[in-house]
Amino acid sequence: MSYLDNVFSHFHQHNPHQPEFTQAVHEVLETLAPLFERESKYEEHSILERIIEPERQIVFRVAWTDDTGKVRVNRGFRIQYNSALGPYKGGIRFHPTVSPSVIKFLGFEQIFKNALTGLSIGGAKGGADFDPKDKSPGEVMRFCQAYITELYRHIGATVDVPAGDIGVGSREIGYMFGQYKRITGRYEGVLTGKRPLWGGSLARTEATGYGCVYFAQHMLKARNRDMEGRICVVSGAGNVAIYTIEKLQQLGAIPVTCSDSRGFIYDKHGINLQTLQSLKEGANESLELYLKYHPDAVYTPVSDYPDGQNGVWSVPCDLAFPCATQNELNAKDAQTLLANGCFLVSEGANMPSTPEAVELFLNAKILYGPGKAANAGGVATSQLEMAQNASMQQWSFEQVDSRLKLIMENIYRQCAHTAEEFGEPNNLVLGANIAGFRRVADAMIEQGVY
Ligand code: GLU
């Protein structure tokens, strides 16, 4: 049995019934085979066995009181996955689908994503199976306070620095920051994604979406192409999708879709950002209301999606930006995109394409930027927020944005060079995984057995 087969068989025995986590581990480990053929040190130091085992997992009860006075209970998580490169760093997700498997897949991805940024941040992730959608502002506040009342003892500016993710934006970060400060008495950079008024970084809100488009620009440039006039499909309607759309428009591309869990909008004139923002940033209205302002647009509810597919990907396009959630783009969707002539996919979400879809993209030799590289701009800018907090400075929007551009360029180059080094120049999945893994693994070896 090869080293990898051994590790897989041990992994499967110890992690049953965790589909997302298994998918993420397979996706990374399978692309590392050529590295292990060249270098024996990783096997000698049992790096894989260590890297797939989280350093620490915290699971806790979150009890809070709803508006009727009833006490409600959710399950909270924080996984401190790997600290070889720096303090644990990664977002917090509030969504009913949050489970041990989802948190572990996200934490595992975060290790390599954070490594690719070239910055000093370890990998972590957190969350709760709490659905903020149908909760009042007061309920959301009390939930955030209850969540931090347990988590505060495990985090700190040089220990573990959470941020937002799905269901957690600057409002929730504010409630968590306030609670942390009240309990500990410390005003420190313990969370990122704060509002700029009280310690946040300018351009952090925009960073994931902008970074995902900068990454796409580099993929295009390598083939002497650009953004101008390209028809783009974007999924999602949160921060990542909104600022992906904004940057695409600034660069002369035409993003024609956005979506949420209920359906999607197709606007052939290009998505009107002001309308989208007004629907989503306040009350999280249905996208169907977009039609009130733009009667030419088309709304398709999820119930009308073709069998087993996501309707967004059936819109003909040049470039695709999955910016919603994991496994939102399957093999059928990938076939539809390819048949319609789509030649670039840049992932703003974490693991949005299923393994079968990724294989189709790689076989078709289109430009494919995997999430852990293409969406790393968010966490990279979080680290810039930590740097500003530690030095008690606030940088301008332009300063942060220009650093973000450089970081995304550097990530692209690392992925492309590593892919070339291993004889698969088009394969940025292999490039990202090997480049990220090497950085973490080498640091682990140098820091002794742990
Ligand atoms: N949740 C984001 C991600 O998936 C950002 C994490 C952070 O800023 O720490 O990378």
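Yeah, the Cβs are placed from backbone N, Cα and C, and that goes for glycine too.
Please treat TrEMBL annotations as automatic predictions, because they have not gone through curation.
These figures come from a predicted structure and were not determined experimentally.
Summarising the annotation, TrEMBL assigns substrate binding site to LYS89, GLN110, LYS113, GLY164, SER382. Annotation source TrEMBL lists active site, proton donor at LYS125. Summarising the annotation, TrEMBL assigns site 'Important for catalysis' to ASP165. Residues or ranges marked as NAD(+) binding site in TrEMBL: THR208, ASN239.
Taking a Cβ distance under 6 Å to any atom of ligand 1 as the criterion, the recorded positions LYS89, LYS125, ASP165, ASN239, SER382 reduce to LYS89, ASP165, SER382.
DSSP assigns THR208 (NAD(+) binding site) to a helix in the three-state reduction. Taking CA atoms as the reference points, LYS125 (active site, proton donor) and ASP165 (site 'Important for catalysis') are 9 Å apart.
Secondary structure from DSSP puts GLN110 (substrate binding site) in a helix. Compute the center of the Cβ atoms of LYS89, GLN110, LYS113, GLY164, SER382, which mark the site for substrate; besides them, the chain residues with Cβ within 8 Å of that center are GLY90, GLY91, ASN114, ILE121, ALA124, LYS125, ALA163, THR192, GLY378, VAL379. In the three-state DSSP classification, SER382 (substrate binding site) falls within a helix.
Calculated from their C-alpha atoms, the gap between THR208 (NAD(+) binding site) and SER382 (substrate binding site) amounts to 10 Å.
Sequence-distant neighbours of ASN239 (NAD(+) binding site) (same chain, 6+ residues apart, CB-CB distance under 8 A): GLY164, GLY169, THR205, THR208, GLY209.
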